[in-house]
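Over in TrEMBL, the protein carries these features:
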| type | residues | note |
| --- | --- | --- |
| DOMAIN | 19-396 | domain 'Major facilitator superfamily (MFS) profile' |
| TRANSMEM | 16-32 | transmembrane segment |
| TRANSMEM | 67-84 | transmembrane segment |
| TRANSMEM | 96-117 | transmembrane segment |
| TRANSMEM | 123-147 | transmembrane segment |
| TRANSMEM | 154-175 | transmembrane segment |
| TRANSMEM | 181-203 | transmembrane segment |
| TRANSMEM | 272-294 | transmembrane segment |
| TRANSMEM | 314-333 | transmembrane segment |
| TRANSMEM | 340-359 | transmembrane segment |
Amino acid sequence: MGSNLNPEGRFKNIRVYWLAVIAYWGIILFGYDTGVAGGVVSQAYFQSHFGLIGANGKANAKLVADVSSNVVSVLQAGAFFGALGRPISARIGRRWSLMGFAVIFAVGAVLTTVAGGNRGICYIYAGRVISGVGIGGISAVATAYVLNARRRTFIMFATGTMLSYFINYGCGIHYPASPKVWRIPFSFQLVPIVMMMLGLFSVKESPRWLASRGRIDEALVNLAYLRRDSPGSVAVKVEFAEIEAQINEEREARQGLGVREAFLGKGNWPRFVIAFFIFLWQHWSGQSSVAYYAPQIFTSIGYTGHTNSLLASGVYGVVKVASTALFVFSLADTLGRKKALFISAMGMGTLFFIVGAILKIHPVSTTAPVGGHGCVCDGVHGDGGGVVFGMPNRVY
């Protein structure tokens, strides 16, 4: 039996797990933001309220498509610049960086929520850009807390996406002719971000960051806190010595080197190209498009009726979470990264080809939507969970 100061067993690293839980709120939020916009824009009342209805009384397909693509692209644009803010965390620390990006995201979430009336769709665009900056920064910094659990971050991402689908579905059923049809989904973004902000007050700064800034005593105390041990224990001192050695080794390796060497240094360029194109091809594979535009895609493959397409999106979200969890906990280490990535890519490509072939041979009017739904779900199932997210750090 261990003492209260030095507990043994599964609760030894419970504070580390709590830190990961807080970081995971940010990943869930990223997934939620990915899926929420497509469902909101597909709502009939949203289209009517924001002038997306044509002279014939029906939705103007071009305007709807433009707005759908805009609310997605401006989020991605903001996230791009937010992700570049990771060096900020090197200056002010992981904890306060996450807090700052969380506040930025909350401002964007409020803007999208209050849109409507004399506050036009520009509020949604502005809110999505600001939210993108926040979520880009959160995703870049939060992963530093859960560096050794990158595959599990994809489960959290899929969970957030699934939640967005079901919230849109519920709002479409209960508030079909009310501003709540977009205000509830957009305001729900504040739930995980507030949970994350409150959680950040209960954790301490990263020991590694403190050590890199020369705050040795504070870093040692924080490491002991995370390990639920005393700063003078042998285990804590050994681990801290390893952290210091790694920091010193990195400083020596970077001495005299700049940004150019990071890309063009010996052996770095091929690694950069591999890591970059793995992510690029993953997004071009089509699975990201399904996540962003699920209701519209399910409508296009034969799901008539708005609530039917939203429900199909929710079912797809459940399948994605289940298949990702199955892969992460059962198959990832068994198959290996390279083989898993190859099998999933081949499976996904084959099943998406089947969807295209079915729609070509049997147009939407005669296509059984259940078959198309199964193919799309199974196609995304072939994504292989979080393999792609764990590849770059292994390449380097």
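Including glycine, each Cβ sits where the backbone N, Cα and C put it.
Just so you know, TrEMBL annotations never went through curation; they're auto-generated.
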- Using a Cβ distance cut-off of under 8 Å, indicate which of 16-32, 154-175, 272-294, 340-359 has the most pairs with the transmembrane segment (314-333). 154-175
- Query: Counting Cβ pairs under 8 Å that sit 6 or more residues apart, are there three or more between the transmembrane segment (67-84) and the transmembrane segment (123-147)?
  - Reply: yes
- Message: Can you work out which residues elsewhere in the same chain, 6+ from the ends of the transmembrane segment (123-147), have a Cβ less than 8 Å from its Cβ atoms?
- Response: 19-20, 22-24, 26-27, 29-30, 33, 37, 70-71, 74-86, 88-89, 94, 97-98, 100-115, 153, 182, 186, 189, 196, 206, 393
- Query: Any idea what the model's mean pLDDT is for the domain 'Major facilitator superfamily (MFS) profile' (19-396)?
  - Reply: 81
